[in-house]
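Annotated features, as they stand in TrEMBL:
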DOMAIN    200-626  domain 'Anoctamin transmembrane'
TRANSMEM  208-237  transmembrane segment
TRANSMEM  243-261  transmembrane segment
TRANSMEM  314-337  transmembrane segment
TRANSMEM  357-377  transmembrane segment
TRANSMEM  400-421  transmembrane segment
TRANSMEM  501-524  transmembrane segment
TRANSMEM  591-613  transmembrane segment
Amino acid sequence: MKVTSSALDTCESSFTPLVVLELAQDVKEETKEWLKNRIISKKEDGGAQLLFRPLLNKYEKETLENQNLYLVGASKITLLLGAEAMGLVKECNDNTMRAFTYGTRYNFKDFDDDNDDFLTMAECQFIIKHELENLRARDEKMIPGYPQAKLYPGKSLLRRLLTSGIVIQVFPLHDNEALKKLEDTWYTRFTLKYQPIDHIRGYFGETIALYFGFLEYFTVALIPMAVIGLPYYLFVWEDYDKYVIFASFNLIWSTVILEVWKRGCANMTYRWGTLVMKRQFEEPRPGFHGVLGINPVTGRKEPLYPSYKRQLRIYLVSLPFVCLCLYFSLYVMMIYFDMEAWALSLHENSGSEWTSVLLYVPSIIYAIVIEIMNRLYRYAAEFLTSWENHRLESAYQNHLILKVLVFNFLNCFASLFYIAFVLRDMKLLRQSLATLLITSQILNQIMESLLPYWLQRKHHVQVKRKVQALKADIDATLYEQVVLEKEMGTYLGTFDDYLELFLQFGYVSLFSCVYPLAAAFAVLNNFTEVNSDALKMCRVLKRPFSEPSANIGVWQLAFETMSVISVVTNCALIGMSPQVNALFPESKLDLVLIVVAVEHALLALKFVLAFAIPDKPRHIQMKLARLEFESLEALKQQVQANEVQCPGIFKIMKKHR
């Protein structure tokens, strides 16, 4: 029997709070009542049919500070029907992965009417977020109490409330018991072990689990590079012809690890169900604005914005601004070289111990300036990309990533390219690369985890004292948790984490034949990065909403592009070495032609390896093909059943073909 939304329970008396909704302090009562009714109303009445109550009751509001905080939950049936509507994929009793349906719920592994763990908490919170975001205006022309906040049929109410400042934030609550268990197996004990990726996925969702899976995989993959590179550095082999073997290994290594990662990623995401999850139709992003019109695809009313206006903004404003920033980055780089020349001159004139230390100061200052410029540019890039008014979140993210990657690549690596191919000073190149790599890693650890953790601990103590000082005869545990978490920083996604790994990959691969020790420093950094990022996710930032992911997205292409560039740079560096030049004393043209030929041969080898290693393991390919076959067979049977029920209609359709 098909279960309809009218059968769902909307009782507010007792439920597990999963999501917190914070309203502005001056929100009018009629707005609160209207929002509450829309959240708890039945689906057929335009509601989300969720469970909803204020954090504090009337008595507690008089005793404690009223924060305008509300708790949102859902009944088990609501969550299961939400999982079906969103196409969540679960494992069946026959070990296949299929989209969950409520009608066939007993065919799925671990499902039981008394089992509340069939859906992970991350999935439950994601379903609630989806239901809230799909609350849409019906016949309302404005938000009650706010005539300036206009509405139109089909407009997402939550997005309008957020952009109007009526809703401050919506965030999922931590589960302290589950979080403690996760921490005990993840980062609280400093031992060399694999991360509990499946548990991370169950708590934080697939996107974050994939990041930590990639971080762990990349760190392990760096170990052979570090082991091989260490003797090259310790024995101080200055002959660059000895680095040819190491550079060649590096080029093959960078290709193989990225291809093998695709296979491991496919294994994980198939097990999680996201590899076979159908893509949802993408709605307009919250910041998108334009003239109200009809979407020709959905037939819904939504803002429409001419594409030519967006292109004008990109090419006449954003592109010149990015070019100006790139020029400024190069200008700062030249100042750095002036500082290097000054420090070198001072050392040559005095030759003392402190001037030898002073030789590293320009590189350290430049590394700090690079980090500052990267962060400032990030804010500017976000503003510009938002101003370009992209309709879809995916388009917004792609344009933002392109802007940030181009600037960060030039800002971090331009000085190294200049030293390598203009100054041709390999000693300075090694010194600069080491200083930039180590300084950036230390700064990232401090800025991303240690400083936020220290600030969060101070705030935690203040909240605890405040709650203990209250003369309220109530259990303030939930109140304390919500108030503490609402003040935590918001996790902005995996963008910065992947960017850090991308730049690290560049330091390791681009100039491997000059500084083989880079991989060793990267491994040491990543061992601490795993723990600091875990600490950041669990104790420093709000719990993010889960987001289904089948892979690491555009970052896979970014890493592959970096590996191609590394082929060119390493071949050029080896070709510039004195030992190789001595082999062609008469004709430099022959040397250039041979270097180009070797570079093309290595690139061809990379592409052959990429083609030879399948992106998905054979057993995953077979399972996906089986699912596709069964889906087509089911569709064929459905069409045949419809023909039996309505033969007249199908005869008319065939006649008009």
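Positions of Cβ are set from backbone N, Cα and C atoms, glycine also.
Keep in mind that what you see is a predicted model, and the values were worked out from it rather than measured.
Sequence-distant contacts of the transmembrane segment (501-524) (same chain, at least 6 residues past either end, Cβ-Cβ under 8 Å): 214-215, 218-219, 222-223, 225-226, 228-230, 232-233, 240, 243-244, 246-247, 250, 254, 405, 408-409, 412-413, 416, 420, 426, 429-430, 433-434, 436-438, 440-441, 555, 558-559, 562-563, 565-566, 569-570, 573-574. Most Cβ pairs under 8 A with the transmembrane segment (591-613) among the ranges 208-237, 243-261, 314-337 are made by 243-261. With a cut-off of 8 Å between Cβ atoms, the residues of this chain six or more beyond the transmembrane segment (314-337) that come close are 362-363, 365-366, 369, 373, 377, 380-381, 384-385, 387-388, 399, 403, 406-407, 410-411, 414-415, 418.
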